[in-house]
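Participant: Got a structure here, written out as structure tokens. Questions coming.
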């Protein structure tokens, strides 16, 4: 077998998504050396972070030493969507950017950083669930390139800074108490990409509060069944309600809070732990480790000094006693029902004794076909696909 490389990258359009909050992802069709074609979805902030890392890896080709030697294409910094014209121009920019990437020397166009970025991720394969209230809206690039069917302006959420924040890297944005920012992206890591006038960058969510209420309305409910995760970086608890873990320990996440400090369960113990130091078992940890190096875990709200809120009451948060009590109650109920918990990463499967009455396990169903996916999508998406053919 020859080396792995990408033959072509085509922008198909973008999707408007509503979970965990309203945001946009761009759809790319990636054709690989074996002629296989894969569709991947990336946020613009992800693309820009990839672009910055590529420039750091190849400073000569990026023009950092001599601007005349630059061959890596330019990419404008992220900014919030303010209407149809911006969305249209960004799609054209991304198309030109991808074409320029593929025409670069092999050492760049086939470097691991580029190949890994356009590899299919588990999230790229997820289909909208039937219980999802608002399904993604797809906007395809017509073949005639006259992009007319694009969403209107996005109303971004506005937040206020409760304390001064000094940035520690070039990708972050400094804040002063009382600053009002527009939130472009809410990352699960607890770092939110914000814009304020001409400035933009990553800000810890713990430094921000909604204008109309101290509570974050988009925080999900606890899931005491738990999701299995593995720690990819050791952390020592700084407060009584946190949990200490060594690298490689298997735990269960029972509450994913948007400030980046998740409630985890280790045996019967619960506590806060930075989500940036966790990864689902079986997934590539390279990207998560790069984020740790570039930003680290965000601070907790309780560690911020001189915080000034405009709201009379504080945020509603469950105590660890409540988490532990509900978790123990759920685990006891699960044991009584004889249901096994999530299997720990790296733990061996227990062999079940074979008996004559044992029933065969059902076969794992194959991935749905393209026709089935098309059947399950919304009527709006079907009409756009039909018009694009």
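Cβ atoms here come from the backbone N, Cα and C positions, even for glycine.
Just so you know, TrEMBL annotations are computer predictions that nobody has curated.
TrEMBL lists these features:
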- 4-125: domain 'PX' (DOMAIN)
- 154-213: domain 'SH3' (DOMAIN)
- 224-283: domain 'SH3' (DOMAIN)
- 292-370: region 'Disordered' (REGION)
- 308-317: compositional bias 'Basic residues' (COMPBIAS)
Participant: List the helix, strand and coil residue totals of the domain 'SH3' (154-213) as derived from DSSP.
Facilitator: 3 helix, 30 strand, 27 coil
Participant: Would you mind giving the whole-number mean pLDDT across the domain 'SH3' (154-213)?
Facilitator: 85
Participant: Tally the residues of the domain 'PX' (4-125) by DSSP class, grouping H, G and I as helix, E and B as strand, and everything else as coil.
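Facilitator: In the domain 'PX' (4-125), the DSSP-based counts are 50 helix, 28 strand, 44 coil.
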